[in-house]
Amino acid sequence: MTDNTDRTSLRQFIDELDGVIFGIGITVTALTVLGFVFWEEAATTLTSNINTFLWTELSWAYLLIMFSAVIFVLFLILGPWGRIKLGKEDDEPEFGYLTYFVMLYSAGTAAGVVFWGPAEAIFHYQTPSPFLDVAAGSQQAAVGAIQYSYFHWGLSAWSAYMVIAIPIAYLAYKYDAPLRVSTLIAPLVGLDNLDSVWAKLIDVVAVFATIGGVATTLGLVGSQFLVGLDYVTGIQLGDAGTVLMITGLTVAFTLSVSAGIKKGILRISYFNMTLFSVLTVAAFVLGPTSYILLTGTQALGNYIDQFIAMSFYTSAGTDSGAWVGNWTIFFWAWWFSWAPFVGLFIARISRGRTIREVSIIGVFASTGITVPWYATMGGSAIFFQNTGVADILGTIGQYGGDEAAAGYPLFDALPFGEVLMVMFLILVTTFFVTSADSSTLALGMLTTGGEESPSLINRVIWGGIIGLLASVLMVAGGVNALQAAAIITGGPFGLVVLVSIFSMTKLFSDQFRGVDTSSTAIRGESAPQDD
């Protein structure tokens with residue numbers, strides 16, 4: 001029986017495989033790994049130079065593309081296109097609102113929100129953005145630090161996801177198009193041309209972006225786990241420990257994804273959101289509650305008031321764009337690198353919902369959950385640093401400036417600190433497992449022509465590749481190499497975001513002008529006429 005099952009799985013893997021996309025993805029990733037293993041210094045220098053060029057010379061492009069995504073999603077919510085259903089008229093949503101949101105948020109924000117929650121604001125407090133024009137370490141810097149945390153993790157990030165998810169879901173469930181990123185260009189080239197060179201190119205770019213983005217996150221999570229192990233127990237594992245830890249996480253998410261969406265991803269997503277909520281409430285109640293409310297509220301007002309100016313700020317003429325490049329451009333590129341697989345996952349679970357529903361839940365509900373987390377964690381970190389309750393910056397310095405260290409002294413300073421630190425560590429890991437589930441599923445879809453349930457062999461292969469790349473990047477270049485990977489792989493996908501906006505504009509405007517948008521019309525054929 002086992003042999004027959006194995007043969008069936010292997011046959012499914014071979015039969016459904018898109019050899020071009022799978023082959024290019026595997027080959028380039030393997031060459032990247034080999035480059036860092038055998039020519040570490042040269043590979044690190046090359047990625048650093050490319051990274052610097054992108055955020056110094058092309059920062060304006062990242063900013064404009066991301067702002068375009070935000071404006072377009074707002075139009076989808078407020079305009080007439082919001083009524084359009086992602087599917088056929090009689091399609092009903094597969095998941096209820098709560099389940100849908102829990103899976104969407106867990107996949108889209110992942111361990112990143114937990115990793116940066118205690119860390120980002122304290123860094124901005126120490127070195128404020130030139131945009132704020134405030135003194136480092138001042139109360140104005142504290143408000144600005146949380147304001148920028150909202151900015152980097154709020155409306156903009158989620159808008160990039162929606163721009164990719166919506167056209168894929170609409171075309172897949174209304175016209176039976178394949179569930180892959182290149183489907184979004186169907187209104188421009190026709191459904192029958194989704195095996196063209198342009199479609200293949202988009203899917204290849206999506207594969208690279210996904211690998212780079214998820215490897216970045218997996219490396220950061222591995223770093224945070226190892227720092228936590230050292231902080232709590234004094235155990236240092238070194239490079240070998242890094243590889244073992246990342247490999248362990250890879251095995252965990254591969255086992256989870258093999259259970260499918262309803263069993264694996266759904267259960268872990270509910271666990272994530274429960275633990276996430278408990279930690280937020282505990283830190284809020286046990287921490288400097290009044291300071292969190294005062295600082296967080298003012299930061300939210302500034303975020304809303306200055307959103308447009310922040311969205312276009314390049315820091316030109318101040319620090320040669322270094323602050324914006326190291327922070328905003330890094331995050332925008334990271335979101336672009338996550339957009340293909342998060343967009344595919346959101347599309348996968350959105351059948352039967354309207355564009356307005358998906359956009360409001362995806363952008364505003366997700367931002368609404370993220371804001372209290374950053375207000376609580378960022379506000380607590382700054383307050384503890386100022387009052388001497390915890391030397392968070394000193395702890396970060398002890399670990400070579402590694403942001404991964406920020407959360408542990410923060411939770412250690414609270415009542416029940418040891419319990420909260422363990423919960424924090426678990427949350428980092430399980431949040432990543434959910435996103436890694438989604439990314440492995442998406443990579444399977446991309447390399448099989450859009451199969452909704454790719455073979456387990458396919459998903460395991462991609463899980464191993466992501467884990468291997470993350471291990472190599474962490475050992476070779478640490479956090480800087482991981483951030484460079486996100487910027488380099490995410491940047492090109494920003495162009496796909498623009499293409500998606502243009503494609504949706506054509507598709508939905510044609511529909512509302514009464515132009516034929518039947519399946520045959522999208523294929524470039526004439527719709528059948530009644531006799």
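Heads up, the Cβ atoms here are built off N, Cα and C, so glycines get one too.
Annotated features, as they stand in TrEMBL:
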- 20-39: transmembrane segment (TRANSMEM)
- 59-78: transmembrane segment (TRANSMEM)
- 98-119: transmembrane segment (TRANSMEM)
- 150-173: transmembrane segment (TRANSMEM)
- 201-221: transmembrane segment (TRANSMEM)
- 241-261: transmembrane segment (TRANSMEM)
- 273-294: transmembrane segment (TRANSMEM)
- 329-346: transmembrane segment (TRANSMEM)
- 358-375: transmembrane segment (TRANSMEM)
- 419-444: transmembrane segment (TRANSMEM)
- 456-476: transmembrane segment (TRANSMEM)
- 482-503: transmembrane segment (TRANSMEM)
Out of 150-173, 273-294, 329-346, 419-444, which stretch touches the transmembrane segment (482-503) the most, going by CB pairs under 8 Å? 329-346
Contact between the transmembrane segment (20-39) and the transmembrane segment (273-294) is defined here as three or more C-beta pairs under 8 Å separated by at least 6 residues; is that satisfied? no
Touch test for the transmembrane segment (20-39) and the transmembrane segment (456-476), at least 3 Cβ pairs under 8 Å: yes
One stretch in 59-78, 98-119, 358-375 has more Cβ pairs under 8 Å to the transmembrane segment (150-173) than the rest, namely 358-375
Counting only residues 6 or more past its boundaries, what in the same chain has a CB within less than 8 Å of a CB in the transmembrane segment (98-119)? 149, 152-153, 157-158, 161, 217, 220-221, 224, 261, 265-266, 268-270, 272-273, 276, 334, 338, 342, 345-346, 349-350, 353, 361-362, 365-366, 369-370, 373-374, 377-378, 380-381, 392, 396, 403-404, 406-407, 410-411, 424, 427-429, 431-432, 434-435, 437-438
Which stretch, 59-78, 201-221, 329-346, 358-375, tops the Cβ pairs under 8 Å count with the transmembrane segment (456-476)? 201-221
Annotated stretches the transmembrane segment (59-78) and the transmembrane segment (419-444) touching (3 or more Cβ pairs under 8 Å): no
